[in-house]
Amino acid sequence: MKNRILRPALLCVAALFATTAQADAGHDHGSAHAGAHAHDADTPYGRPGDAAKAQRTVRVVMSDTMRFDPATITVRRGETVRFVAANGGRIEHEFVLGTTASLKAHAQEMRAMPDMQHADPGAVRVAAGASGEIVWQFTKAGSFEFACLIPGHFEAGMVGKVVVR
């Protein structure tokens, strides 16, 4: 009798945990960013680039003063750039490409889920003293941004600009 009740109860609990884990597995960026950060799709600011076709490397240093160096980067339309995001600070930082609107929306999402991990070719989270890399092809002219979206960093002004000519 005990087994007839215990076994279905355990199966229900196991199914609940599996469903919760499955639902959480895709939360890397949440629904607000699914279209803006599709892995191989064009975005308003370009698309993931092929590392073998990178025309240059731009090193961007992230600091605990909540700044990027350089703060403005100019690229040519069609250019594929390898960004090396170097964390010169003692705390974790991010380098996330986007539009002003997408970065603001993502920053709000990050405040709700600060431990969110990025599964996005236009974003990299970098531990203190480490470096990360993004390869991006800028397909459209315009002015775009990069930012650190860890809660408090974006709000403190950790935003840079990419000008595509």
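The backbone N, Cα and C atoms fix where each Cβ goes, and this holds for glycine too.
Per Swiss-Prot, the features are:
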- HIS93, CYS148, HIS153, MET158: Cu(2+) binding site (BINDING)
- 25-42: compositional bias 'Basic and acidic residues' (COMPBIAS)
- 25-50: region 'Disordered' (REGION)
- 1-23: signal peptide (SIGNAL)
Report summary line: Given the Cu(2+) site HIS93, CYS148, HIS153, MET158, its other Cβ neighbours within 8 Å of the Cβ centroid, in chain order, are MET62, MET66, GLU94, ALA147, LEU149, ILE150, PHE154, ALA156
Query raised in the report: Can you tell which of the binding-site residues (HIS93, HIS153) has the fewest other C-beta atoms within 10 angstroms of its C-beta?
Result: HIS153
Report task. Rank the binding-site residues CYS148, MET158 by the number of other Cβ atoms within 10 Å of each Cβ and report the first-ranked residue. Result -> CYS148
Report task. For HIS93 (Cu(2+) binding site), name the DSSP secondary structure in the helix/strand/coil scheme. Result -> strand
Query - Three-state secondary structure, CYS148 (Cu(2+) binding site) (per DSSP) - result: coil
